[in-house]
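The structure under discussion is supplied below as C-alpha cells; questions concerning it will follow.
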C-alpha cells in the first residue's frame, strides 16, 4: 500500500444505478448541492444548512480518521423526465434491435471466415432494423389512411360525427389526414436520432470495432454518437414505403401524377436497402472498415436532398389519391410485405449466427460454464426476434386501440392484422401452458430448495434464505425467459404465417386465440401509452419507465439511428475527467463506486483511466462495484464489449484496489470477481481473479469486523444486516438491492479501494455486536 500522510484524503465518487435516484440519497445526506456538471450530468455533494458543500464522514483506517469527500454523479435526467423522454419508451423495439448488435459474438483475430460472417451478420442486423422502422411508419399509415381517412371520415360514415360532411368531401382534407400525422412521426424520429449529449473533449483510448474482442471493458464504446448516413437511410426508406403504400407497392398506377411518385419511391427504397447493407461503419469508428464513401454519399447535403425527395414523393402520392377509394389499395399488402421481409431477415440472421457463435467459441471455451456467453453466443437472435415481434405487435395494437376508443364497429382492420392477433394469441396460450407448471415446479423448489454456501455461513434466517434463492433463480434464468418468450412468439408466428400463406380464414377453433391476441395487443398499446402519460406527469413514474432506457440506451447507435442517445458516451468521459481532476492533488485518493448499472459505468471509466493516467496517479485510484451485473449479465450477454480477458486485465491493473459488495438477496446484483463458491468445513472457498489478474483458487473467506464474508475481492454482506451499529443509519429487514451504504462494510471496502488498511484502526474499533 502507498504510504499515507497527515494530509491524505479520500474522494469517493458515487454513481447510481437503474431507475435513477435523488442527489440526497446518492450522497447519503439530507441535502445536496451541485458542485459541477451541466444539468444532465450533475456532480453533487452533501450540503450544510446554508446549502454549502460539506465534507463527508471520515474513514477509519491506518489507525486514525481519514478525511473523506463524498461526491455523486447523477445521470438520471438523460433517461427520464418530461414528455420527450417518456415517449422514448415507444421506441423500445428500436433500442432492442440496436442492442442486439452489441450482443454479437466476437470475431476471433486472424479468422477470415469468421470476419466475413461477422460482416454479413452486421449487415443483416442493420437491414432488420431498417425494416423495423419501415414497418412502424407503415403501420402508422394504416391508422391514418386506412382506418381514419378511408373508413372513419368517409362521407356519411357514422364515425366522428362532429366532422361535417362538407369537410369530408373537400379536397385535400382526407388526403392531409392520411399523411400529415405520418410526416410528423417521421420528423419525431429524425429529431430523436439527432439528439446527442454534449461530452467533454478528453483523451479517449483508440477506437475499436464493436464486433471484435477488446483488451479493456467498453473499449469499443468510443465514437461519434451521431449517425447521419444511417439516419438518412431509415427516414428516406420509411417515406418511400409510405408513398408506395398509398398507391399500391406492386402495381404501377395508371395516372402520370401517381406513376411518377411511385417510381421515385421505389428507386429511393432500393437505394436505402442497398446502402444499409453496405454501410458497415455507421459511426465512422475505424477508417479501414467499409462504408466510408457511403457516409460521404449520404452526408448532410445529399441526405437532405434525399429526405426532401421522400417527402415530395409522399405528398405527391397522397395528392394523387383523388377520390379517396372506398377500399384502400396498398396499405395492407405493404404491411404484409414488410413484415414478411423482416421475418425472412431475422430467420436468416439466426441461421448464420450459429456458425459465427461456433467460430467464437474458441475465445471462451476455457471458461467455467457460469462465465460463458448466454445461449452459446447466439443470444442476439432471440433479442432481434423479440424486437420485431414487439414492433409489429405495437403497431397492430395501436390500430386495435384506436378502433376501441372511437367506437366505430364497422371499422375493418387490414387482413394481415388477423394473423398478427393470431400470432400473439397462440404465443400467449403456449406461454401460459408452459409457464404454469414451470412456475409451480420453480415455486416448490424455491420453498423447499437447498442451501447456499454464503447464506449458511452468514446465518441468514428463513425469509432471507427464500429471498436469496429467488434472486439466484432470477439471475440464472433471465436469459432463459427471454429465449422462451422468443420461442413462444416464434411458434405463434409459424401458425399465423402458415394460415396466411395457405390463404385460409381463421378456423372457428382458432377464434379464441385471435380474440386473446386482440386483447393482448390492445393491452400492450394502451398500457404503454398510459405509462408514457404517467411518466411525463410524475417523476417517480418516469424513473420506473426509464428503466427501459437505462438498460437499452447504454449502447451507441450502430444498427438503428432512431434510438435515444447513448448516455455512456457522456457519463464515462465525465467520470474519468472528474476523477483525473482530483488525482492532480498528490495527497488525494479517488475511489469510483457504482451501484447496479452504475457499476458498469465505473468499470468502463476506471479501465479507460488505466491508459490515460500516470503510474503514481493509477496507484491512488480505486474501484468499488456494488450490486453489480457485470459478471452474471454483461460478461455473458455482451462478450465483445465485456470479455473475460478484459475483466482480468482490469483486475490486474487495480490489484487489491478493486472491491465488490454483493448480497445474495439482490436479484440484479451478484459477485464480480469470484465464482464456483462452496462451503467446506465451515469455510467459504471459491475460484476467482487474483490481484495479479490470474485465475485460480482463492484463500478461504475471512469474516470482517462487520460480519461480512470477504472472499478474494468480493464482500458478501449479511442480509438482514447485523446490528444496529452505533453512529450508523439502521435499516431493518431484508434489503435486497437497497441501502448498501447503510452497511458498515461499505466504508471498509472504500478504504481498501483507496489503498488504506481498514483493519488498522488504532483506538477506533469497528462495532461488531448487536445492540439490544
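Every residue, even glycine, has its Cβ placed from backbone N, Cα and C.
Predicted automatically and left uncurated, TrEMBL annotations should be read as such.
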Which one of 509-529, 530-550, 551-571, 572-592 shows up in TrEMBL as transmembrane segment?
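So the range that TrEMBL calls transmembrane segment is 509-529.
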Between the candidate ranges 58-80, 81-103, 196-218, 380-402, where does TrEMBL place the transmembrane segment annotation?
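Feature transmembrane segment in TrEMBL: residues 380-402.
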Using a Cβ-Cβ cut-off of under 8 Å, list the residues of the same chain that are 6+ residues beyond the ends of the transmembrane segment (116-138) and lie near it.
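Same-chain contacts beyond the flanks: 93-94, 97-98, 100-101, 104, 107, 182, 185-186, 189, 211, 230, 233-234, 237-239, 241-242, 245, 272-273, 276-280, 282, 290, 331, 334-335, 338-339, 341-342, 345-346, 348-349, 352-353, 355-356, 359, 380, 384, 387-388, 391-392, 394-395, 559-560, 562.
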Can you work out which residues elsewhere in the same chain, 6+ from the ends of the transmembrane segment (171-189), have a Cβ less than 8 Å from its Cβ atoms?
87, 133, 137, 140-141, 144-145, 148-150, 153, 234-235, 238-239, 242, 246, 311, 314-315, 318-319, 321-322, 324, 562
Under a criterion of three or more Cβ pairs within a distance under 8 Å and sequence separation of at least 6, are the transmembrane segment (301-318) and the transmembrane segment (380-402) in contact?
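When sequence-distant Cβ pairs are counted, the transmembrane segment (380-402) does not touch the transmembrane segment (301-318), since fewer than 3 lie under 8 Å.
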Can you tell me which parts of the same chain pack against the transmembrane segment (422-444), counting only residues 6+ beyond its ends and a CB-CB cutoff under 8 A?
389, 393, 473, 484-485, 488-493, 495-496, 499, 506, 510, 512-518, 520-521
How about long-range neighbours of the transmembrane segment (258-280): same chain, 6 or more residues beyond its ends, C-beta under 8 Å?
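That would be 119, 122-123, 126-127, 130, 229-230, 233-234, 236-237, 239-241, 243-244, 247-248, 252, 289-291, 294-295, 297-298, 306, 309-310, 312-314, 316-317, 320-321.
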